[in-house]
Amino acid sequence: MSTRVLTLTLLKKRHLMQCFWSTVGSVHLRSIASDKIPSHAVEASLYVHWPYCLKRCSYCNFNKYISRSENHDTMTECLQKETETLLKLSQVSRITSVFFGGGTPSLAQPSTIAAVLETVTKNSNLSDLAEVTLEVNPTPAGKARLKDFTLAGVNRFSIGVQSLNADHLRILGRDHSVQHALQTVSEARKLCPGRVSVDIMFALPGQSVSCWQKQLEELLYVCDDHISLYQLTLERGTQLFKQVESGKLSVPGDEVTAIMYKTACRVLEESGFHQYEVSNFARNNAVSEHNMGYWRGHQYIGVGPGAHGRFVPHGDGGVQREARTQTLEPDVWIKEVQSRGRGTRRRITLHHLQLLEEVLVMGLRMNEGITHQHWELFSPEANLQQVFGKSANIQELQGGRFLILDDRGLRCSWEGLVLLDSILPTILLELEMFFHSRGIKRTQ
């Protein structure tokens, strides 16, 4: 199998993973593996969604609402109430990390962040060393609040730089300048040295490989120890999608996009960054502990309008993990939380084969892949060699040096990571065929 046969589909924006999780589900260490409650069943991470933005970027179709006259006190009370309700429902005793995303959570009051964290500590154990991340829009207003956010309990920032090119920022509809971005990163590094991540996008309209490499080199002069790369995604219905569809703008093709991605990997590696996941790079071991929890299949609780969660509702007598989606519209969500403690719009019980699919989809994103020990926690009845070892399709992927199955486990090669979205359907089909041969269907 050659790279020409495979269609390049790189990782899109981080938030889009949540859309995928809502259909595939997430991993739960089931009682099939042990009669005892495993450690992951009593701990989880927490995602808190702030839905408001000052404006909508031209490429964004995520769940966000233009800030008007939202009541910060009401939002704070509801975020606290839903956090308490879902913590009690999950019965987790330890929160391993907290991530405030959006929307633009740097628009929230620092007192709101402090209040949510206080609720967490009252209802579970949150270590003083736990990672607490806040996404920041690098505007002067966002920069001015950084210190107050650290006083509220934030110890890691994720800065949405997106580009260091003024024309690209304008095309993307961003409300910050290159100078604003650089100043915000610098201030964040002073407050949280070694714990500042920068988001940057590639495959932008009119962007060349040389322009992209120049931006990366400029970024390396100012960034901290974590960088996330995101390929521009043209989402139907967005302003940017319409501009490209009409021919007013053009984006790089697949081959150029692939070169951009490989260029980034090379440039970052030469600067001491280790690629630990498809789109994430860290040096000095500054990985995102919160995101590692997602990729390793740990439980997580989603709070706020449109947030997604994956946990076992032990408080309701549940024994299987559920995929949960909170109500999208902030006003409706607020009313639901005020009336019944939570605004959960959808609950889906996740079955065994769905869980194994999630182990593969999320685990193969990581450079470390899936170890035999990790797989056994979810599938004690069939190990990786039994499921994939005799498959001609898997052997072809191994022969093409895209996939590795050995005594360590199952993982992608460097080329395989680049083409992950293209080879995943083959891997998932083999998983389904194996379990169907044993009489296990996807919804059992």
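Backbone N, Cα and C define each Cβ position, glycine as well.
Going through GLY102, GLY153, GLY173 against Swiss-Prot, the one listed in the S-adenosyl-L-methionine 1 site together with TYR47, GLU135 turns out to be GLY102.
Site annotation (Swiss-Prot, ligand S-adenosyl-L-methionine 2) includes GLY103, THR104, GLN162, ASP199; from ARG145, ARG174, ARG189, the additional listed residue is ARG174. According to DSSP, THR104 (S-adenosyl-L-methionine 2 binding site) is assigned to coil rather than to any helix or strand.
Rounded to a whole number, the distance between the Cα atoms of ASP199 (S-adenosyl-L-methionine 2 binding site) and CYS57 ([4Fe-4S] cluster binding site) is 15 Å. Within 8 Å of the centroid defined by the CB atoms of TYR47, GLY102, GLU135, the record's S-adenosyl-L-methionine 1 site, lie the Cβ atoms of VAL48, HIS49, TRP50, PHE99, PHE100, GLY101, GLY103, PRO105, LEU134, excluding the listed residues themselves.
Within 10 Å of the Cβ of TYR47 (S-adenosyl-L-methionine 1 binding site) there are 22 other Cβ atoms, across all protein chains. Secondary structure at CYS60 ([4Fe-4S] cluster binding site), as computed by DSSP, is coil.
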